[in-house]
Amino acid sequence: MALISLFERPASAHEDEEGTVTISWAELLSGYHKCCCTLEHNLHHGDWVRQVTYDASLDAFISSTTSNTNTVVLAWREKSKKHLKLTSFNVAEGIHAFDYHSQLNLIATAGINKKVCLWNPYVVSKPVGILWGHSASVIAVQFFAARKQLFSFSKDKVLRLWDIQHQLSIQRIACSFPKSQDFRCLFHFDEAHGRLFISFNNQLALLAMKSEASTRVKSHKKAVTCVLYSSVLKQVISSDAGSTVSFWMIDTGQKIKQFTGCHGNAEISTMALDANETRLLTGSTDGTIKVWDFSGYCYHTLNVGREGAVDISQILVLKKTILVTGWERALTVFRLQNFNQFFIQPEKWKGGIQHRDDILCAAFLPPQTLVTGSYDGEIILWNNNTGNAHCVLHPDYQRLLESKPGTEPQKLFSAGRSRSTCPSTNQAALGAHSLETLAKGNNAVVGLCFLEARKTTAETGGANLVSCGGSGYVRFWDTFKKQLLAEFLAHGGVGSIIMSTDKSNQYLATGDLDGQLKIWDIEEYCLNSSKSKITQAPALIRSFRPHEDQISSLEMCKMGGHLLIISSSADGSICVTDVCGVPLWIFGQAKHGQIENCFSLPKRDTNLMKNEIQEESKREIPLLSKEESCLDLPEHSLLDKKNKDEAACNVRPSEATNSGIKYKERNIFMEKTCNLYNGKVMQKSSTSPKTCC
């Protein structure tokens with residue numbers, strides 16, 4: 001045992017001399033230095049070891065590779081033993097990095113498969129928790145030990161902060177790094193000073209923690225994930241990461257009621273209304289969709305994830321079906337004719353799998369056109385009645401599809417791009433790995449919207465579909481001619497964006513990860529077909545920053561003759577403003593007022609934009625919700641045609657289980673080890689939320 005120094009000083013060194021001692025690895029292996037010895041293991045089988053560290057509390061070395069076998073290895077030496085004791089666990093697709101929290105006794109792994117897994121070092125058969133939310137490979141993780149939180153950083157430069165106990169994402173930050181796909185990242189959190197360092201090749205980013213005290217008004221205690229507008233109730237409906245749903249009066253901003261614990265403690269990721277706006281559908285990270293009335297009664301639970309946690313990004317309610325997207329390459333389908341019991345099981349999409357990456361969004365154009373957008377940038381056109389896929393649209397190429405799913409696709413033609421994101425050699429090789437790697441993230445389609453007000457597009461040409469996402473681009477498509485007509489950079493350097501348009505398709509609102517909101521005039525944009533792609537942006541009416549964090553949802557509606565934009569954010573606020581720039585309010589502020597009082601415009605206004613809004617308000621445009629995808633529904637939705645008394649008798653939930661799923665129980669649930677339909681779980685799953693008025 002070394003008492004003074006680990007290695008002996010050279011014989012030629014003087015006592016008062018601070019000499020540098022060089023020790024070679026060959027000397028260590030040879031046993032020349034009697035004060036130390038070397039031990040090694042080959043459990044990684046020659047795979048590249050990406051990280052190795054020693055933890056004193058475990059008295060073990062932890063190492064990791066990108067292999068899916070023996071991904072993480074723990075090695076320790078027992079007393080008087082000459083060999084290392086080993087244990088390991090496997091992670092699908094391997095990991096980039098890991099971190100260990102001694103107080104929680106957890107190892108966090110940064111998965112190449114986009115997952116952050118939490119492991120007990122003594123239970124290597126499966127993780128004790130999985131953190132879902134990243135859209136790209138996770139390349140770094142580090143615990144915030146004092147708060148029992150975890151940082152994770154992904155390949156698409158998105159930083160997340162997680163609450164370990166509840167396994168929920170409590171903050172999301174998109175870092176504005178250069179748009180390079182190949183980079184080396186180093187990640188370090190200085191907990192003592194509250195500073196996070198992230199290197200990006202030759203650049204270093206510093207993120208400093210702010211004081212938690214804030215005077216900004218918050219609409220929700222947790223990050224707001226979705227907002228809807230009900231034209232029937234004239235109310236805004238919002239959801240948050242804490243599984244709370246709130247109802248607000250649009251004309252005063254006053255909260256009417258609130259449902260808590262809608263999905264236990266799992267985040268509500270998205271919502272939708274049925275065609276008659278009498279039922280609310282909430283989709284959660286627990287893998288379920290619940291169907292509610294506006295009094296807080298749950299009619300149905302849709303088993304989207306088949307007893308597992310999934311990332312639900314959109315719920316699309318059609319005439320006879322409900323389509324769900326977000327976590328796999330195929331659509332998940334629920335047929336309304338089967339809504340005769342509480343638990344509803346999904347069906348397979350009859351069109352099969354045509355996408356090569358996860359479907360993130362969808363849109364419907366009556367009578368039968370369905371489009372779906374995926375993470376790799378592809379948009380597929382379907383016949384919703386037959387399930388046949390016709391064509392794939394992509395910024396770099398278009399290709400035809402055979403009518404039978406699973407057959408080899410045919411190339412249609414290749415469309416050149418103004419940006420050099422993908423090399424031209426890859427445009428001819430549609431299945432090439434390099435093309436898919438470069439396209440992912442940059443071209444990801446997170447929003448689709450049909451311009452239904454453009455009734456004559458089929459005859460006259462022009463754009464009838466808008467897509468957004470990727471690296472801040474908005475694209476206009478002609479689905480009849482299978483052509484990309486225009487693309488422009490709406491938000492630069494901030495990653496993915498979202499959008500919404502008004503019912504007359506005159507304005508387009510876009511929001512980004514920094515809380516920036518932009519309003520564009522698209523009334524005369526791409527009205528005609530063109531041989532060359534348009535890269536000039538439409539007229540920008542307004543650009544401002546109503547939120548301090550990511551804009552999570554956008555809605556546009558008409559109220560009092562004025563076009564309003566409703567935006568929600570991860571900063572917990574819901575903001576309402578108008579196209580011209582009149583500041584209204586943040587829901588939750590103490591003072592309530594009437595919406596008419598916020599518009600003190602004179603009868604004759606010289607401002608051109610305000611005159612345009614007044615002219616638009618005179619047009620008779622029906623107030624339809626964003627989710628009214630089928631315009632020819634009967635007077636009553638199929639979701640209404642259920643016997644409420646019978647449902648109440650069979651599945652009326654108990655009020656005693658509103659506390660949500662505990663930490664360990666949620667881990668078991670996420671690992672698919674419980675049966676959703678046994679008696680105990682059924683009672684827990686069908687619990688009504690707590691209602692606060």
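All residue numbers here begin at 1 and follow the chain in the order shown.
Yeah, the Cβs are placed from backbone N, Cα and C, and that goes for glycine too.
These come from TrEMBL:
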- 131-172: repeat 'WD' (REPEAT)
- 217-258: repeat 'WD' (REPEAT)
- 268-295: repeat 'WD' (REPEAT)
- 352-392: repeat 'WD' (REPEAT)
- 499-523: repeat 'WD' (REPEAT)
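Residues 158, 172-174, 176, 447, 449, 451-454, 466, 468, 472, 474, 490-491, 537-551, 554-556, 558, 563, 565, 567, 569, 571, 579, 616, 619, 621-624, 626 of the same chain lie 6+ residues outside the repeat 'WD' (499-523) yet bring a C-beta within less than 8 angstroms of a C-beta in it. Over the repeat 'WD' (131-172), the average per-residue pLDDT in this prediction is 89. Helix first, then strand, then coil: DSSP counts for the repeat 'WD' (268-295) stand at 0 helix, 15 strand, 13 coil.
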